[in-house]
Structure formats: structure tokens, C-alpha cells
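These come from TrEMBL:
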REPEAT    47-88  repeat 'WD'
REPEAT    89-130  repeat 'WD'
REPEAT    131-164  repeat 'WD'
REPEAT    200-241  repeat 'WD'
REPEAT    244-285  repeat 'WD'
DOMAIN    340-584  domain 'COPA/B second beta-propeller'
DOMAIN    625-773  domain 'COPA/B TPR'
DOMAIN    815-1217  domain 'Coatomer alpha subunit C-terminal'
REGION    822-841  region 'Disordered'
COMPBIAS  831-841  compositional bias 'Acidic residues'
Amino acid sequence: MLTKFETKSNRVKGLSFHGKRPWILASLHSGVIQLWDYRMGTLIDRFDEHDGPVRGVHFHKSQPLFVSGGDDYKIKVWNYKLHRCLFTLLGHLDYIRTVQFHHEYPWIVSASDDQTIRIWNWQSRTCISVLTGHNHYVMCASFHPKEDLVVSASLDQTVRVWDIGALRKKTVSPADDILRLTQMNTDLFGGVDAVVKYVLEGHDRGVNWAAFHPTLPLIVSGADDRQVKLWRMNDTKAWEVDTLRGHMNNVSCVMFHAKQDIIVSNSEDKSIRVWDATKRTGVQTFRREHDRFWILASHPEMNLLAAGHDNGMIVFKLERERPAFAVSGDSLFYAKDRFLRFYEFSTQRDTQVIPIRRPGSTSLNQTPRTLSYSPTENAVLICSDVDGGSYELYVVPKDSIGRGDSMQEAKRGLGGSAVFIARNRFAVLEKATNQVLVKNLKNEIVKKGGLPIPADAIFYAGTGNVLCRAEDRVVIFDLQQRMVIGELQTPFVKYVVWSNNMESVALLSKHTIIITNKKLGHQCTLHETIRVKSGGWDDNGVFIYTNLNHIKYCLPNGDSGIIRTLDVPIYITKVSGNTIFCLDRDGKNRTIAIDATEYIFKLSLFKKRFDHVMSMIRNSQLCGQAMIAYLQQKGFPEIALHFVRDEKTRFSLALESGNIQIAVASAKEIDDKDHWYRLGVEALRQGNASIVEYAYQRTKNFERLSFLYLITGNMDKLTKMLKIAEVKNDVMGQFHNALYLGDVQERVKILENAGQLPLAYVTAAVHRLEDVAERLAAELRDNVPNLPEGKGPSLLMPPPPITCGGDWPLLRVMRGMFDGGLDNIGKGSPDEDEDAAGGDWGEELDMADVDAALENGDIAEILEDWEGAEENVGGWDLEDLELPPEADTPKASVGARSSVFVAPTPSMPVSQIWIQKSSLAAEHVAAGNFDTAMRLLSRQLGIRNFAPLRSMFLDLHAGSHTYLRAFSSAPVISLAVEQGRNESSSPNVRGPPALVFNFSELEERLKAGYKCTTAGKFTEALCLFLGILHIIPLIVVETRREVDEVKELIIIVKEYVLGLKMELKRRELKDDQVRQQELAAYFTHCNLQLPHLRLALQNAMTVCYKANNFSTAGSFARRLLETNPTNESQAKKARQVLQAAEKSQQDASDLNYDFRNPFVVCGATYVPIYRGQKDVSCPYCSSCFVPSQEGELCAVCDLATIGADASGLLCSPSQIR
């Protein structure tokens, strides 16, 4: 049994499935009727108008209705859309046991404890027939699915079949008068609409349930005698066929399965039993611990059953419906109806291959569960749950595909799951011992081994690898090397789907999809509320999956969405372009066409393939609020702008993307105060003073306008603002403007006019306006305020503006591919854009004249000289000319020279030409494209830390350009300096950039480093060598030979950097003698020049000898003498140490150093890594490190990430050719 849904509630007495929607009605002993969505697991509605238990409930086949009958003797008809009871049918005199709608007529049949069955017309809301004859409670009654029959079961120990043919004829309107007359007679004198056709006797106790077979003339019944009886009928009689025994208590309900040849019954013995209807034997039993079962219901269309018990209900399936299949290239192998079938995707040809019949089993769920295919050997492994888990191996003859007649014996074996792991090897999971058995095609064990986790299933994970599943994790295990490749914590994984290139894998569990790479490195997780059913990868690396209701997609970044809805669940086998190939629950191959535009668009955005994005915007109907919201959320408001026609949304997106021009256009259309204010704020942030001014003018925001003129130093307009405030009689506005202007006399005048004479006097006196002060003093007489003595007054004058004049300079940016490229979308003919030809010469601001801005006649008079005034050309007396019609005017020939100046089209900057086809980081740096240079270095050399390269980047960029000043008011002109440029060079051919770093300079630095090393200036030497390592990524050489020399130089310099760092570290350690000796010893194993090696050996010999490690000191002395030192004192000292060591062949302390065993030194921890031990290396300088350092910054070159994937040094155009 596969439980799909379970509820906890009062005792469930009635159940009914909806025909189309995933709904089920449950009527409870408490009087409540619940409406559940069994897919989502949610309670949709509850209806509680019945008084007492509701024992029967049923959905109408096509109308939004259901009927219920309860212990309150009432039958209620409900409309679930209106959430209310439409009407109540009264007539029964005792509890109502069951109710059911007729599949065709507007009838309801009801069974009651009043010993009658009633048939009602729910349209006329009347009882149209009463069936009497039972002499005890009638426990159930139901219509035949096709014929005019009713079956009923009663506690009088009988099952009765009633013929209601006469009732149907009576309901169908009679054709002629004679018939109508006879009908009137029968109505008057009591005719019989329903007659008993058969009475089935055979049960020893009361019968609780009886049901018709959906197609055959069979009846099944269940009774308190604990028996299930099968009856057959023909036109004249009915008889008992067989009795099914096994229940231990009263049988409550029994029915035929709609799709399979089985009978399902449940009982008060707390069990559901499944019987084979043809063999009439028990197939399976499902038991509950404490709950008695009362009712069963089956779905009219789907393979679903429901059972009600003491504490709720369960919705379940008896068998899995997912077909077992395996995809290989263009072909699909799948199991259907006990045959192995073959389907070709390209031709859509479907053929039977071989029968896979097995002896009839006694239990359910014996169908193939998984299928694995080996294309080279044409072998198929089929796994099922037979015998607790087993497999069958078939080798299909090549010629039998398409014939389907060959019968062959399968090789069988026991095992939890079996999958092919190589051409002719398959792995079988032995759950009991947690082992994997590797077998050949003869079914012989070749190899066996334990698994790293207790697995309950294995899946294919590449040649020689298996993916092991436990309850809470999955592991990829290499069977050859016996090692774990990857591990991940997951919910219980049901299915595993690999991408076509085996680089990604999707792990599907009940409600979760986890996408990982081939080593189980987590990429994203998706949660679904509805069960996930299947999935497949498309050619772009997008995972397409299905749940019960939808086909959906999942992008590599975890974004998902719906592609289309589904009527019935499907199982994806392959995704190819816009077609999904799938199998349905009947095992039929189907193809579904999908529209991939949305997810391909989102994928192109994610991968930054903007050329694809452009063409898709141009050519497809991508739009809608969801797409705009997505673009906004992902940080592409400028793209979203091209989808939107609504001005308010355009305005918001334009502000978000900083596109002031579009924002201005939208603000004009909207013309709303709030939008102008928001535009002003954004324009101010960008320093676009003219737009700010325009926005404030439109909203008549005079205070802000005045302040804007103050900070931009526009005194003329401030003076006009003062006049405007005067006209408007705005005293505070006048005073502020006078303050901003620094106009003291005006301030005094304003204060005087406002009646503030003391303040006017103080202002005049402080600013030394004696005449005015005297006049005001005379007016004030005795009230003249005293100025404080001994204090120097400070004048209230406006601060000088930081930047005078217009807009702030804007950063020059390359025109984005979405700017302009999409502007014509949705517009008319291209001619409309002709005026934009001079766009590169600076944009013209569309300023409204002040008349429009202020809409006030008096103010307009004061401001006659505002900018907009020039537009009024009436004073020039320009009259209209009386010209002949246009047709007579000859047009200028195309070839004629125009006197209008046409601006030359700007060519591509040289710096842009440099980077167009170059993969050399140095050339990108020279062009000023630091971000692409950093990406190249990261890809080629694994460089992560760019801080040491900062000064080199700046030097290289500055050195590749020269700067000319034409005249004082013009900006400085930047010129790119090209390599090998002279007077005879062609002006149209551009050379590579002239670079300030060259290889010969590095050789000089190397020599300087050698000198410092010889002189013992280790810190200086280290700086020089590190400088070389930092410059090499930005070097460009010509020939292949020079490339090899550069690579050789990296190795030489790396050895010196490592050695010098160890020596400097040794000198810091004063107290740790053992570590001092080790570091001195390791220094001698760096690949140094001979003079430096001798010095290192002498140094190590001295350190070890002083520490009484005579044996080790002797080994250094021996190595030193082997170099034939030219310095006699060196050789003499070495001989003496060697003699002393031979006398005392011992060391005072143990060192982590074995000179006999070859090793390299870890660049971070300074410990030896002996030959055969694992190590990781720096992708740039190739220094070795212990494995624990993987992912850290290289301590030698201080640039690259240890163990990173990198393509290698690229320093010459010859490497690219």
C-alpha cells in the first residue's frame, strides 16, 4: 500500500472522491463534513448543518454539488462553490445510511433504517419512488453504473437487486396520449416503478454492503458473518459464485477495483484486505493498530482508494504506477504489461522487444521497479520487489528489437537494487551485509566489497562508481579505488537524474530537488509543496521536472518557474529543444511541446550572454509583471525598462537604473508632484543640476529652487527668486533669498517692512550701513537696542559655492548593449529617429519655459528675461512667405555638397581595439580594463590576491598612454602609445600597446637578487625576487623560446623565495634549536646557484655542528666537498667537520629531516613532503604544499589559490596562434 494522504479526525463514516479535482469528501460521526485536497494535504472547507452523525456523502459527476444523509433523517444537497446547503429532502423516518447521485438522471438514491430505499429527483426536489421489501435496516443502496438497476444490502441477511426501468421510462416524457393516459392511471391507482429483480440469500448475519462490478454482471457483498460473497447474475436469475473468508470481524464495506481484477474489503477487525477476483484468494492485508474500518471509496478515473476509520481516513494506492525505464542516447527501454519495449525518440517508433513474464505472484507491487541498460552489450537489468528485492538480467539479441517474439530465460538473483557500472559489469546491493557485489553478464560474482554507509539503494554514478542512498544522505563511492568521491546530507532521495555530460546530477526526493555537481558539491535546493514525480536535463543545462500538476524548470542558480500545467502526472524520459518526451501512467509514450522562451531568457541573463537576451527581447513576446519583477530583483532594471509601457513602472525602473532621460519623459507623461520630487532627488544625486531645476520648477518648489541656486552659485536666478517671493508676498522666502544673495540692504528693507525695526537696526549697524542705522535709530527713539561691547561682529554672508555653473561632470562609460539597441522596439518607422543623429555631441535638455512652470501671469512679467523668452520671436516681424506648392520645388540631388556640417562618426578607441581579440592580461591592463585582466589572471594562473599587483597595473596603464593638453579650457586628451609605431606606419592598422615591463628588465632584477643573496642581504633579495614573481603575469614576449625562458624564470625565482623565507624564519627563532637546524637543512634542498648552495650548506653544517648534531653536520660537509669549493677556507672547515663527525657518529637531537629520501618543502608550513606523499601545488609558481593548505593563498608568490584549476601562463601571442 502506498499511502498518499492521511487525516486525523472523528470517526469517518462516508467518503467520496471528486471526479476531476484532487478533492475528497469525508463525513464524520460528529456531524461535520470535511472537504480535503489530498494532493496538497489541506482542508478546503467544512460543512456542519447536520445534527448527529453523517453516514453517507457523494459528489455529483458534473455539477458543483454533493449530497449527504445523516442520523437527523435529512438528506441535504450542497453547492460547494457557494459553500452552503441548497435544500433538504425530508421523508425518511430513521437514520439514513447511504446517499448516491445517479450518473445520468437527476436522481438520488438513499437507504435508511426505516427499511426503505427512496429515489429522489433533486431538480424537482421530490421523492419519485419508495422501494419497500427489506424487513430490517437497509445498510446501503447504489445505482448500477450502466443499467437501470439498484443493489441494496440489509440486516435482514439479504442482498436485493431492483429493476428501475419503469421509473426511467416514466421520467422520459411519454410520446403519445394513450401512454400519457396509462401513466395517469398508474399515478392514480398506484403503479410499481421499481420491482425486486433478485433476492440474494446466503449470508448468515446482516449484510453491511453490496456493490456492482463496473463492467461485468457481478455483485460483491460483505456481512456481519465475516464473509465476503461474490454473486453472478443474468437476465433471469442470480446465484452465489464463491465466498472469501479471512476477516476476523464484521465486514463493513467491499468493492471491485475499477482498474484491476481485484476486490477490496475492510472490516471492524482493523484491516483492509485485497482479494484476487478471478482466483478468489487473498492477495494482501493492511492492518491498523487501533482503528476499525467503516467505509471504502474508489476514484472514478484514477488508481486511488480511500478508507475511513475510527480516527480519520487514508487515501492510498495499491500499486506503483511509475513505469520502469532507462534512456540511452536516442533510445528508451521500458517495461509495460510484462513486456520489455523499445522506443526511438527520433522516429517515435515503439516496438516490443521480449516478454518478461514471471510466475503469477501472490502479492501486489511485483511490477518492475527500476531498469538499467548497457548499450554496448545490449543487456537489460530489471529490478522488482519480488522475494524482498530481486533482479533479472536479459541480454537482448540485436535482431530481436522490432520483432518481439524471442523468449529467453532470464538470469535471476536477489538484491536490493542492481545497476550497470561498466560495459559488462553490474553492481548488486546486498542489504543484509551492506555489501556491493560486482557481477559479469554470466551472473558470476567478480568482486565484492563493503559500502561506506548503510545503504538501502544504489544508483549509477559514472563508470565504476555507484551513488549510495541512506535515509539522510547520499555518497558517491568508487568501487575500483574503494574511496568516497563525494557526500551530501539530503532528505530521502527517490530518484537520481544525471545530465547528458555527467557533470551535474539532480537528486529528487518527495518534496525536494537538490542539484549538485558530479562530486556532490551542492549547487541549489528547491522545495515543492506537491510531490515531485520525475525530471530530465535539457541541452542548455536546465533541469526540467514534473510534479503532480505542472512541468517546471530549475536554473543552475536555483531560480524556478512553471512551464505548463498537466492534466495527468507524467514521467519525463528526455528533453530535446522544445519537446518533452515522457511516459504516462498507462506506459504510453507521449510528446509534449513546451515554450522554453522564459527559462532560456533567464538562463542567458544568468550566464551574462547579453547578445541572446537582446535577440530574445526583439523577437519574442516576453512580458508581464512577473518578468519585470524578476529583472528588477536580479539587478537588470535597464532591461526591464524595455518591457514596460506603463509610465509609472517605467519611471521607477528608470530611476533605479539611473536613466534620467527616460525618467524625465515618464515624469512629463505622469505630471504628478510626487514623481517630480523623486526625479529631483535622483537628479541631485547624479549632480544633474539642470534637471533638478526643471523638476523644482514643475512643482513650484521655490525654497528648494533657491537653495539649488545657492549651492550652484547661480546669483542671477537667485535675484529672480527674490523678485518672485516679493510678488507672492512671501516674507520668509524674501528674507532667505536676500540671505543667500548676501544682500544686506535688501535684508534690512525686508525686516523694516515686516515691522521688525530692532532687528533691522542691528543688521544695519553690524554691517556698517550708518545712514540706514541712523534713520532707524530716529524711528526707534528710546527703544534702540544696545550692541554687545568688546565683541567683533561676524557678518552673515553666504558661503562661496563649491562648483559654480552647470552639471557635475559625468563618468564616461561605454554605451551598454541594452542602451539604444532596444530603443526602437515597439516604435514606428526608423525615420522618426533621424533627429537623434547628433546624439554624440552632447544631449540637449528639454527645459520648460517659466510661463509653463509657474502658470502665473504677474510673475511671468517680472521674469521676461528667463531662458524661455528667446523662443518668442514675435519682435522680428517674420511673416509667412507665400511659397509655391511643395511639388514644384526641385529637390537637391543626393550628390550635391551640403553646406550643413556633418559630424564625423567616432571610430573605436585604440584601447578598445587592444582588448578585442586579446587574451593577454597585460594588454587588458594597458587598455585600462582591469576587471577583465583580473578575470583572465584568475582563470589562467588561479590568482586571487591582486593587492601586490595594484601598483604594476597602474604603472602599466599609465605607461601605455600619453597625455596632451590642447588649450586651457579643453580637457586633457589621452593618446594610446602603440608598440613599434613610426611615421611610415599605416594609420588604419593598430599595433599592440607599448608595455613598460619587459623580459630583459627581469634578467637585471634577477642578477641584482643574486648579488644581494651572496652579500647576505636576504630581506632585499627577497623583495627583488618577489617583485619578479609579481611582474611576470604582466610580461608579454614574442617567441615560443622566450615563453619557455619565462616559465624557467618562475621556477628559479620560486626556489629562492622559498629558501630565503625559510632562512629569515630561522633567524627569528632564537630559542628553538631543533627547528633552526631543520630550516637550515631544508634551505640546502632548494634549487640554488652553486655559490649560494655552498653558502647554504656551510650555514647548515655550522648550525648543526654547534648543536652537537655531528652526523647531520657531517652529511652537509660531505655534500659541500662534493661541490669542489673554490674557497680554500670553506673546504678546510668542511674537512674538519667531516673528521669530527666520523669520530662521533651520533646526533644530540632528532630532526624531521632525512637527506637520503628525496623530498620537497611545503611553502607554508616548511615541513618536508617526501616522495610518494600527497601534495597540492600553486597553479602559478608551482610551489608544493601539504593537502590541508588546499584553497589557501600561496605563501610563496602571495598571489594564487593553492590547488585552484588554472589553464596556465599566457604571455605571448605565439601561444594563441
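Each residue, glycine too, has its Cβ placed from N, Cα and C.
Bear in mind that TrEMBL entries carry predicted annotations, made automatically and left uncurated.
Tertiary neighbourhood of the repeat 'WD' (47-88): same-chain residues 13-19, 23, 25-33, 35, 94-101, 103, 108, 110-112, 120, 122, 125, 300, selected by CB-CB distance under 8 Å and a gap of 6+ residues from either end. DSSP labels the residues of the domain 'COPA/B TPR' (625-773) in these numbers: 121 helix, 0 strand, 28 coil. Note on the repeat 'WD' (244-285): DSSP counts are 0 helix, 25 strand, 17 coil.
Sequence-distant contacts of the repeat 'WD' (244-285), counting only residues of its own chain at least 6 positions beyond either end whose CB sits under 8 Å from a CB of the stretch, comprise 1, 205, 208-214, 218, 220-224, 226-230, 291-296, 298-300, 303, 305, 307, 309, 318-319, 362-364.
Taken together, the residues of the domain 'COPA/B TPR' (625-773) have an average pLDDT of 83.
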